Amino acid sequence: MVPTTSSESESKSSFHKVSNAKPQLAVSVADKKLSGNGATVQTEALTSTATDKSLQNGDNQKLRVSAYREAAISMGELNGAEYIEVPSPRANNAKKVSLLPLIFLIFYEVSGGPFGVEDTVHAAGPLFALLGFLIFPLIWSVPEALITAEMGTMFPENGGYVVWVSSALGPYWGFQQGWMKWLSGVIDNALYPVMFLDYLKSAIPALGGGLPRILAVLALTLVLTYMNYRGLTIVGWVAVSLGILSILPFVVMGLISIPKLKPARWLVADVHSIDWNLYLNTLFWNLNYWDSISTLAGEVHNPKKTLPKALFYAVILVVLSYFFPLLIGTGAVPLDRDSWTDGYFSDIAKILGGVWLRCWVQGAAAVSNMGMFMAEMSSDSFQLLGMAERGMLPEFFAKRSRHGTPLIGILFSASGVILLSWLSFQEIVAAENFLYCFGMILEFIAFVWLRIKYPNATRPFKIPGGTIGAVLLCIPPAILIGVVLAFSSIKVMVVSLVAVAIGLVLQPCLKFIEKKRWLKFSISSDLPDITSNGPLLH
């Protein structure tokens, strides 16, 4: 990555100046260590011949230095000698994700289709359910997507929101952000095997509970985890295929329902019988996680242009995928609020089209949950990789498989899913929403603080309005966060606060382990300096 303070031509000329001066090449391998007050850069100069010489890593790979390597970064003069920074031998050589797969990865990070929105009708009736999926995106989804586009292009690396918060508030709060977001992501991912089996249990009653359900959860988790291991490019194109398959039955259902639609059913509302806790938690869960794609920014082709475009198209796709199925379900079938629970769309399909359409919707729900599981696990595991590359986690978290995927991160995330899959749907949603809210508060603070402290930092995509506009953009979602937290149950609040407290203690423990050298921590040499003294923010 070329920092904004040095042009490509300067990097090349600096390289030629060094390589042509002597038959030996001076290469700096930077071991950067972040501290709460700034950055300490320890540079070790390694001298080696430039002919048929290789740097040895664990895999005995050759690191060839090319005069035309774009990542060669001029480091200025130090003690009379010039140095360049060479990309880490751990650098990812896997294929990058393009626009269309990225749109569907975001789609599955956030939505995956209308499966799981049924509880909004159960909690508040048709009118409030429909209004919720029109108004809520304006209050929450659009601001979060805009902030993700600006910050994700400003810091296009796999740490994502962890790097944003670290650059603004320091590495301690960056770690807390990473802990809360990773934990909420794993909790969120535990939903998808549950939802998958809830849609199938009407056809296969044995999956409703007991040993068959446990075995099904384990088998599903293992299969989808293996797909994540095989590579993000595969996951992206699988997401495209699954997305089309999960949307198609609702297109057919919509055509079949036209003669049966009664618009008056959409206006049914009873303010006095609204379950606000269930209503808000379901809306919030179905329309958040736009920032999760930021943890994959280092795997995206030309992220500074691709990421904002993908977020724009994904917002439209997500809103349509919720609103129109709700129009069909509430307008074409007589209202029975008690029946509107997880899996009810398959029953609506049977009423409208018969068993064949019900089976199709159940199949679509299955592939949708597969897509959401894979997208969420990709985000969670690459986040751990990004944190390890920033020295926040032990170095082994940065290890990639031969497919370019974060092996240890995938295993950790899969283990968390298995441990949490025994919780109920409502408990999982409420717990992950609570933790997610805390993480979003840190993101909003970091976003505004970086606007105030570094107004001239390079922002390939910048939300208009200056600092005042940034503050105003954060006010509606911040109020919404307060409302969601206020409606949380005591049980969810206690469990979530305990999880937050673990993170507050875990970071100092890891720093102690690093100090004692019980585990190896390192910062990837090809990442830019994000501290207050670093060139990226000036």
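Numbers run from 1 along the shown chain.
In case you wondered, yes, glycine gets a Cβ from its N, Cα and C as well.
As written in TrEMBL, here are the features:
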- 1-21: region 'Disordered' (REGION)
- 97-117: transmembrane segment (TRANSMEM)
- 123-142: transmembrane segment (TRANSMEM)
- 154-173: transmembrane segment (TRANSMEM)
- 211-229: transmembrane segment (TRANSMEM)
- 235-256: transmembrane segment (TRANSMEM)
- 311-335: transmembrane segment (TRANSMEM)
- 407-425: transmembrane segment (TRANSMEM)
- 431-452: transmembrane segment (TRANSMEM)
- 464-487: transmembrane segment (TRANSMEM)
- 493-513: transmembrane segment (TRANSMEM)
Verify whether three or more Cβ pairs under 8 angstroms connect the transmembrane segment (431-452) with the transmembrane segment (154-173), leaving out any pair fewer than 6 apart in sequence.
yes
Would you kindly list the residues that approach the transmembrane segment (493-513) from elsewhere in its chain, counting only those six or more residues past its ends and only Cβ-Cβ distances under 8 Å?
172, 175-176, 179-180, 183, 392-394, 431, 434-435, 438, 485, 519, 521
Check the transmembrane segment (123-142) against each of 97-117, 311-335, 431-452, 464-487 and return whichever range has the most CB pairs under 8 Å.
311-335
Same-chain Cβ contacts of the transmembrane segment (97-117) under 8 Å, 6 or more residues past its ends?
129, 133, 141, 191, 195, 199, 232-233, 235-237, 239-240, 242-243, 246-247, 250, 282, 285-290, 292-293, 296, 299-301, 306-307, 309-311, 313-314, 317-318, 321-322, 325-326, 342, 345, 364-365, 368-369, 371-372, 374-376, 378-379
Remote residues contacting the transmembrane segment (464-487) - C-beta distance under 8 A, at least 6 residues beyond either end:
139-140, 143-144, 146-147, 276-277, 280-281, 284, 433-434, 437, 440-441, 444, 447-448, 451-452, 455, 493
